[in-house]
Amino acid sequence: MKDRLCELNGLGWTDWFEQRTECKPTETIARVAAVDRDQLLLVDQTGPFRAKLAGRYLHRHHLSHELPCVGDWVCLERQPGDDFGVVQAVLERRTSLRRKSAGNAIDDQMIAANVDSVVIVQSCHFDFNLKRLERYLVMVMEGGADPCILLTKTDLVDPAVLAAQLAEIDSIGVMAPILTLSNVTREGLEDLKQLLAPGKTYCFVGSSGVGKSTLINHLVDRDRLETGTVSATGEGRHTTVRRELIRLEGGALVIDNPGMREFGIVGADDGIGAGYAEITALASSCRYRDCGHTGEPGCAVLGAVHSGEISREHVENYLKLREESDFYQMSHAERRKKDREFGRYIKSAKTDLKDR
Ligand SMILES: Nc1nc2c(ncn2[C@@H]2O[C@H](COP(=O)(O)OP(=O)(O)OP(=O)(O)O)[C@@H](O)[C@H]2O)c(=O)[nH]1
Ligand SMILES: [Zn+2]
């Protein structure tokens, strides 16, 4: 038992999951490496194999974010010798990367689960945009993962331009690590590799064309990867699986994400202001733990505004942002309630039918 779990550690399994797992004794644990319509590519200590969702699970879970996505851990039934598993449950997610749809938040979709660190990629050449960066940061942090910022294509800009962009990022009080890199000269590539720790899961997000695929190609041996996928699924025609969990040579796990433009942050120049990393740090010194930073006595955040340490505008933006986030949570709870009501409605409708 312990041995099995140790081996799962290499796939990102930690005590956090161990403590929350309620698989039946007949079930085993695996991680979702890819989702391909109704088929799942799972991986465990025995290697990759295919699986489907149990019908029972499908009947009980209708919301798209309740379905397994890449990075999820699942409990499954799989007889010895079977090369096909049946997923019975999706384990609680430690972190989640979700696509928040603008306007109505009915169908927020999972992009990746249990990612430790999300690398937000922007090209310093034409793509750099502070507001968009802030939106990504918010989304990543809301999902519970640690953000990291990566500026690519440094070979295309003057060092002074890059320095100005770095200073801009600094000015909003971002605490996330910031890296720069050129896929052409490969300058900075080693620094990024150093950052990717074994057993941790990473996901790269950013606009189309900023160099994510090129970068991932540098990180893995792409040819070997594709052959591996084909043999793993046992079908030659099944070559392109999106959002795939890859284990790099150094042991880090990377979720390859070519479709990141679905992330829902395109052209979002109306972004929310930040400064929140600084503010969150200050907030821990407020007298009241649930301080709203709107005039409470002993508020460290307002104190810092008065002393000129941070700007009032930044704090106001932060409050606005937090409000939006609260609103999001609330509408999420309401959605769940609606969902339950709908479930009861279906049940009573069925009973009605039986009565007749
Ligand atoms: N000069 C320069 N070009 C780069 C660099 N990184 C990527 N490119 C080029 O930029 C183009 C887009 O790179 P991709 O790796 O496909 O970008 P992507 O982020 O994966 O884009 P999507 O797959 O559409 O999400 C390609 O022509 C790359 O060769 C870089 O660091 N410097
Ligand atoms: Zn306060």
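Cβ coordinates come from backbone N, Cα and C, glycine included.
Curation does not apply to TrEMBL; its annotations are automatic.
In sequence order, ASN183 are the residues of the chain that are 6 or more apart from THR214 (GTP binding site) and have a CB within less than 8 Å of its CB. Sequence annotations record features per position, and here TrEMBL assigns GTP binding site to THR152, LYS153, THR154, ASP155, GLY206, SER207, SER208, GLY209, VAL210, GLY211, LYS212, SER213, THR214.
Secondary structure from DSSP puts HIS293 (Zn(2+) binding site) in coil. Non-local contacts of HIS293 (Zn(2+) binding site) by the CB criterion (under 8 A, 6+ apart in sequence, same chain) comprise ILE279, ALA283, CYS286, CYS299, VAL301, LEU302, VAL315, TYR318, LEU319. The feature Zn(2+) binding site is assigned by TrEMBL to CYS286, CYS291, HIS293, CYS299.
Within the model, the domain 'CP-type G' (103-263) shows a mean pLDDT value of 80, rounded to a whole number. Under the heading domain 'CP-type G', TrEMBL lists 103-263.
Residues or ranges marked as domain 'EngC GTPase' in TrEMBL: 113-261.
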I'd like to know which of the binding-site residues SER208, VAL210, CYS286, CYS299 has the most other Cβ atoms within 10 Å of its Cβ. VAL210
How would DSSP class THR152 (GTP binding site) in three states? strand
Filtered by Cβ under 8 Å and at least 6 apart in sequence, the residues in the chain of THR154 (GTP binding site) near it are CYS124, LEU162, THR180, LEU181, SER182, THR185, GLU187, GLY188
Alpha-carbon spacing, THR152 (GTP binding site) to CYS291 (Zn(2+) binding site), which is rounded to whole Å: 39
Quick one: Cα separation, LYS212 (GTP binding site) versus CYS291 (Zn(2+) binding site), in Å? 40
Cα distance (Å, whole number) from CYS291 (Zn(2+) binding site) to VAL210 (GTP binding site): 40
By the DSSP assignment reduced to helix, strand and coil, which category contains THR214 (GTP binding site)? helix
